[in-house]
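Feature annotations, courtesy of TrEMBL:
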BINDING   A:9, A:43  thiamine binding site
DOMAIN    A:4-83  domain 'Thiamin/hydroxymethyl pyrimidine-binding YkoF putative'
DOMAIN    A:124-202  domain 'Thiamin/hydroxymethyl pyrimidine-binding YkoF putative'
């Protein structure tokens, strides 16, 4: 299994380079557990979902604590057939999910969101979960939407995506659960996510 | 068939509201042919792929002509099983694709990119094409990657996505061809795309 993300941070300020540099500092604690490579469009992070989602969450939360409007785009991927197996990406949650029903996985997802840390930063996200290479992909999507609606972070359904709002801790835990517990455990699953904080449209 | 996009424009300047407003003005010629609805996170555009990709291209090109670093995120979707059929989304290219081999579709895609208008604005994009609900989804993806590599806009392959660079006309035509000619014509296909212009990393 190969698990990772392409992450881009977009601060809506002329001082954007400084905000990005401060955000990237939040990744320091994760550098031993993730492979992190930055080019001029995005930062690749490869590793297990525990440090991966924590790192993405902390990157965005650090930037959202500053006063400026900031957004982020993330492409998460697991199990892409074109990528090599990577032992650093091994994940107990995925291994267990192979023997769990959709109902069990919904329940475990809710427990995980309830146990998420409170970061004290309110954020908005919208995201799409894609289950690839499976004929009955919409069953897993509808199961995931059921979970999202009861997660406590659900804001609304939109065309092509779902909108969440809440503390960065609960919101990113909700996305991690969607990524890990829906779609076949050994299959190819991706997420297309945008996050937003301090938007003037909400003031 | 239901076809559309969620589009977000991110100008990296404290004057971001003005850049977004100027960009949105570029959508005016498309308002008769697309349903356009904006909320605080993104703009929904629904309609046929001809005005849809032209509108997204012109929105970004208008913003990229200004001096500031600007990025854009787009989620394109066609044939999502959860969406209603919409006659305004009807597309001749998709209808024809049902009877065309992968080789034929690659050739037609290259012709379309060669015929794309030159907008005089150089942009970078990276994107992922997702073919949903099909067991052999990677055959179509690999066919699409063959096309991309010979499109004249290909820059490099990255983990989880492909990077293009060139004039906005050719680049967005390349993406439209990827979206329309790969994956089953009546199936569920999505694209997760980020665009960038005037990045200080490239100066």
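Even glycines carry a Cβ here, placed using N, Cα and C.
Fair warning: this is a prediction, and the values are worked out from it, not measured in the lab.
Neighbour count (other Cβ atoms within 10 Å of the Cβ, all protein chains): 24 for residue A:9 (thiamine binding site).
The domain 'Thiamin/hydroxymethyl pyrimidine-binding YkoF putative' (A:4-83) scores a mean pLDDT of 95 in the predicted structure. Over all protein chains present, the Cβ of residue A:43 (thiamine binding site) has 21 other Cβ atoms lying within 10 Å.
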